[in-house]
Amino acid sequence: MSLKEKTQSLFAEIFGYPATHTIQAPGRVNLIGEHTDYNDGFVLPCAIDYQTVISCATRDDRKVRVIAADYDNQVDEFSLDAPIVTHDSQQWSNYVRGVVKHLQKRNNAFGGADLVISGNVPQGAGLSSSASLEVAVGTVFQQLYHLPLDGAQIALNGQEAENQFVGCNCGIMDQLISALGKKDHALLIDCRTLGTKAVSMPEGVAVVIINSNFKRTLVGSEYNTRREQCETGARFFQQPALRDVSLAAFNAVASELDPIVAKRVRHVLTENARTVEAASALEKGDLKRMGELMAESHASMRDDFEITVPQIDTLVEIVKATIGDKGGVRMTGGGFGGCVVALLPEALVPAVQQAVATQYEAKTGIKETFYVCKPSQGAGQC
């Protein structure tokens, strides 16, 4: 049963009438451009064919009722006429409440709604299940009440909800690619202007995501530390963000910077340059160059930004040894575990899956999870 069928049938069963709309918003994988988004830089993600799906309908009153199908049909209910506050015991509820609260703060006029939510974006893997949920909820109210919001505004609203209501500092990339993704394309995003450029993916290329299943523990605290180090670097150069610092300017005075901050800055500057070049390599179908750029990105995350772990490095080595110069592989996401992403010819997928299955667990004691994805369409009706 598809997510659409599941949420529609559950909606009718629980609420006693049929849903009028079913909305989907995808998860994402970032092909290259890591920890550049909050430095006003460039990222190159694609939406993937794992998504959050919501069947919904308007209500005549000012109540919002939500059923989380993936959490034993837990219920949340709140009024649009009372201050929307965080839910103490149901973390998933806060993503919904936060999005609705921030839609209100943007002076959108809308009434109540019934929602049934289900999704298949792997959670805790760095594939943006939370952004997918935020964008799906924003799109629900936009569609039900014809709100004058475009995809970028729905994305910004989701980011605000996550930063200010849920209390997690995130850049704009995850929400933006979920809202604006394009089938068979990656999206080069300028995180300062929110300008996007669709980059066609070469035919016959698979997007493979492998979850290391290494339990991420440091990600929250270390993420904030990295962010502070980048801001320190920008202040040193008297610039609003590292986006405004050239590599030449950095190299001229790198020795004057705190050595750790210097490494963090170098990663961001070189990663921005790699990301812009990667978009052009991908468009030309130059998988060899794309692979080189992904390898440089991984080395930079490992050595300069210091956000990889041995398990992730092992996965990258296994995949790289199998695909050679026919594609690329790197860690993707915030770091300290999570996933690697690989671009490779579809014909090589079985060999990569076999190599990882025989070597990764033997070397690390952990069993991986392997996903083959298609670059997919952003949020909308399904």
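Just so you know, glycine gets a Cβ as well, placed from its N, Cα and C.
What Swiss-Prot records for the substrate site is GLU34, HIS35, THR36, ASP37, and among TYR95, TYR145, TYR223 the residue it adds there is TYR223. Per-site Cβ counts within 10 Å over the binding-site residues ASP37, GLU162 peak at GLU162. Checked against THR36 (substrate binding site), the recorded positions LEU127, SER128, SER130, GLU162, ASP174 differ in C-alpha distance, with ASP174 being the nearest. The Cβ of SER130 (ATP binding site) has 25 neighbouring Cβ atoms from other residues within 10 Å, across all protein chains displayed. There are 19 other Cβ atoms within 10 Å of the Cβ belonging to TYR223 (substrate binding site). Within 8 Å of the centroid of the Cβ atoms of GLU34, HIS35, THR36, ASP37, TYR223, where the record puts substrate, the same chain has further Cβ atoms from GLY33, TYR38, ASN39, VAL43, GLY171, ARG226, VAL268, GLU271, GLY334.
Of the candidate recorded positions, GLY124, GLY126, ASP174, the one lying closest to ASP37 (substrate binding site) when CA atoms are compared is ASP174.
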